[in-house]
Amino acid sequence: MTVRVAINGFGRIGRNVVRALYESGRRAEITVVAINELADAAGMAHLLKYDTSHGRFAWEVRQERDQLCVGDDAIRVLHERSLQSLPWRELGVDVVLDCTGVYGSREHGEAHIAAGAKKVLFSHPGSNDLDATVVYGVNQDQLRAEHRIVSNASCTTNCIIPVIKLLDDAYGIESGTVTTIHSAMHDQQVIDAYHPDLRRTRAASQSIIPVDTKLAAGITRFFPQFNDRFEAIAVRVPTINVTAIDLSVTVKKPVKANEVNLLLQKAAQGAFHGIVDYTELPLVSVDFNHDPHSAIVDGTQTRVSGAHLIKTLVWCDNEWGFANRMLDTTLAMATVAFR
């Protein structure tokens, strides 16, 4: 069957989900029937067609009254502020992809369900009372038909969780630290301006800016045994896309750097193919733009100190990789629910 999807919020992730759907050739499996976005339809069409990070969209895009047309497909455009007013029942929506970055509670998910959607997938970490949080490639097989309100976690969680799992399964992780080196985001300023976080009052293009992160909590959500044994910090850097994560873990078993690389390379070619990639090329962040993997391990940067301290550098396109995982998780939810 074809999964009927509605998108709530047509920002960076919402637009990339649509682009990824068309570029990946999965339109026979997923069809977008509606997009709810407060911005005007002309702006939506323009930003879908022209993207500073990902270039010009190959499909024809045009606006026709209350529709956004992509090729021969017509997608209904809505401008509803209230979740309760959304016509999901009328449109026969199977899964809502909530890409607002604002909603993430069970209450918000239930509002989509009350409006007629069968399932909801949030594009960001949700509250602890959601039915499931999925990192595709790691735990999507735990989805059940009764799981109606699900989170796809975050781009950084999707990037680092597969690598942590591989290292823990092989060597037994005792503790770890993570530093996220993240491209600038929409909640930063173009020039100095007011913000509740005083560091984010500063111009995004001129500084490396430390910000708060809940990545450690995201890690322990998947690995409860690491509670109080993982810490994370994050900085934003003056680039517009692609993120690097510096992961350091102490492990129980002694290991060498080449053994770590071999483990991760084999995983990229085997069980985690399509989710994790591995490279030893002398690449920089822009080279990972538009990469669909959740994580790309940079084998040139792997280090081991004292046989028990492993340091790795993992890249991801925090937009494109995550948008592709949104599609993967949508299909996984539909498979268990509607088969």
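Backbone N, Cα and C atoms are what each Cβ position is placed from, and that goes for glycine too.
Keep in mind that this is a model prediction, so the values were computed, not measured.
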Recorded substrate site member, picked from R89, R106, R236, that accompanies S154, C155, T156, R200, T213, K214 in Swiss-Prot: R236
Integer Å distance between the CA atoms belonging to R81 (NAD(+) binding site) and R236 (substrate binding site): 30
Candidates T156, K214, N318, namely the binding-site residues, that fall within 10 Å of H182 (site 'Activates thiol group during catalysis') by Cα distance: T156, N318
Binding-site residues listed as R12, R200, least Cβ neighbours within 10 Å: R200
Cα-Cα distance maximum in Å, computed over every pair in S154, C155, T156, R200, T213, K214, R236 that the record assigns to substrate: 20
Minimum Cα separation from C155 (substrate binding site), reported as the residue among binding-site residues R12, I13, R81, N318 that achieves it: N318
